[in-house]
Amino acid sequence: MRRLTRRLALPIFGVLWITVLLFFWVTKRKLEVPLGPEVQTPKPSDADWDDLWEQFDERRYLNAKKWRVGDDPYKLYAFNQRESERISSNRAVPDTRHKRCSLLVYCTDLPPTSIIITFHNEARSTLLRTIRSVLNRTPMHLIQEIILVDDFSNDPEDCKQLIKLPKVKCLRNNERQGLVRSRMRGADIAQGTTLTFLDSHCEVNRDWLQPLLHRVKEDYTRVVCPVIDIINLDTFNYIESASELRGGFDWSLHFQWEQLSLEQKALRLDPTEPIRTPIIAGGLFVIDKAWFDYLGKYDVDMDIWGGENFEISFRVWMCGGGLEIIPCSRVGHVFRKKHPYVFPDGNANTYIKNTKRTAEVWMDEYKQYYYAARPFALERPFGNIENRLNLRKNLHCQTFKWNLENVYPELRVPPDSSIQKGNIRQRQKCLESQKQKKQEILRLSPCAKVKGDGAKSQVWAFTYTQQIIQEELCLSVVTLFPGAPVVLALCKNGDERQLWTKTGARIEHIASHLCLDTDMFGDSTEDGKEVVVNPCESSLMSQHWDIVSS
């Protein structure tokens, strides 16, 4: 009997031990959620979403600011408000990704991100559609929060009412701060380990966030952007953009989209591969929060809007990071032809201040080409940059020459950066810009004898780009035919209507081979006040001009 007991003891003990282990394993499974990369937060069902949205009275929110029949639908927001309000906030958009994007697999443990959206007097329909597209097309476990920063809009309720929506928080500035300082405020309270900046008139596309977060998780020094599709400002149709584009710029620090070169396209074996970009558009990107803080966040002394994308792009590349456009991430954006809001110091002055700060801190000796392209920036105040210069020094950043050689070798360095600046005289009179009925016109006026606003309207700059500039405006012909008026138009590099050369005493328009003339009737009288182009004739005094340095 004792032998039998001894024989059975070991098996019984083993069974009991296994039973205990099973009990604790099952109990633990009931009490704990498994941790690690296998965790998946289920997306709410359609019914759950309906319950969440029932707490928010969408119709009441939109109707409070609805377009009224008889009003100009473009007046308030510089896009078709009537059409925007006609479209559902929950509309479907076409999947514009390459078909191979749907085959890609991303990390299962991507970190949740803080989505920061700043706005000033945004249309409620576009703001709501931006948020709803994010909630509809983003796994909920990847959204830490959606931080709205209301930059002192006229109606605080534009933002306040939206906190009823899932994940949404609302901050309001007590005075107008502009894009940079508003984004900084959102970033400072963000709880996510990554920051996702969006504009307030966007619609994100399918699986837009995962490829962005995946690249940042692989390398925290990457700053990544989606391909930006177009939402038509008139019809609000969602239009696919070309995927093989990158951001570029000229020496005036004007952003421009550019096609990849044939060589760059040939090296792309996979259409889903990230695209290195010298600069980002600045409205939509993802960055690691700790990296953002380490790099110095934004230059908070930049005002309202414009130029901040150059500053952060130069800083990222020159201080150890990189910029990428991710083809499998798509976000639609309403591109407007003008700003619907007011710049306290004027659009041009604000942009020059911001880009001048960028040039002075980051462009080293190459800033001379910025001033050659924007000669009137030399006189503009730009604030104190000591903190930003110290930041660059402490980060041990590369030179701008390194940036040109390694990041953007396609940007040609001009052979000459000299500027000829002064009055354009014809005998005792000077070429002058005058405002009439909200338009800038040209005429000959007595030359100003003292400095002041009157004198400034008679100062012109000849640049290496072969443009004749005053502030942000250039001399431009209306047509290429004799007798065509010469007007002031926004400068655009490479525009043949704005290219001139000084030949002896004449100022010749390059494309038409016509000369700047004040005698619109060709009779050499003193009565011709309109500035035109006519066939060049050395004997005509109305085509004789002297450039007198101011």
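Start at 1 and count along the chain as shown; that gives each residue its number.
Backbone N, Cα and C define each Cβ position, glycine as well.
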Which of His98, His333, His339, His396 shares the Mn(2+) site with Asp199, His201 in Swiss-Prot? The record says His333
Cysteine from Cys491, Cys515 that Swiss-Prot links to Cys536 by a disulfide bond: Cys515
Recorded disulfide counterpart of Cys474 (Swiss-Prot; options Cys447, Cys491): Cys491
Cβ-based isolation winner (fewest other Cβ atoms within 10 Å) among the binding-site residues Asp151, Asp199: Asp199
Going by a 10 angstroms cut-off between Cβ atoms, which of the disulfide-bonded residues Cys328, Cys430, Cys491, Cys536 has the sparsest surroundings? Cys536
Taking Cα atoms as reference points, rank the disulfide-bonded residues Cys397, Cys447, Cys474, Cys491 by distance from Trp305 (substrate binding site) and give the first. Cys491
Find the shortest Cα-Cα separation between His201 (Mn(2+) binding site) and the recorded positions Cys101, Cys328, Arg336, Cys474, Cys536, and name the residue that gives it. Arg336
Give me the count of other Cβ atoms within 10 A of the Cβ belonging to Cys397 (disulfide bond). 21
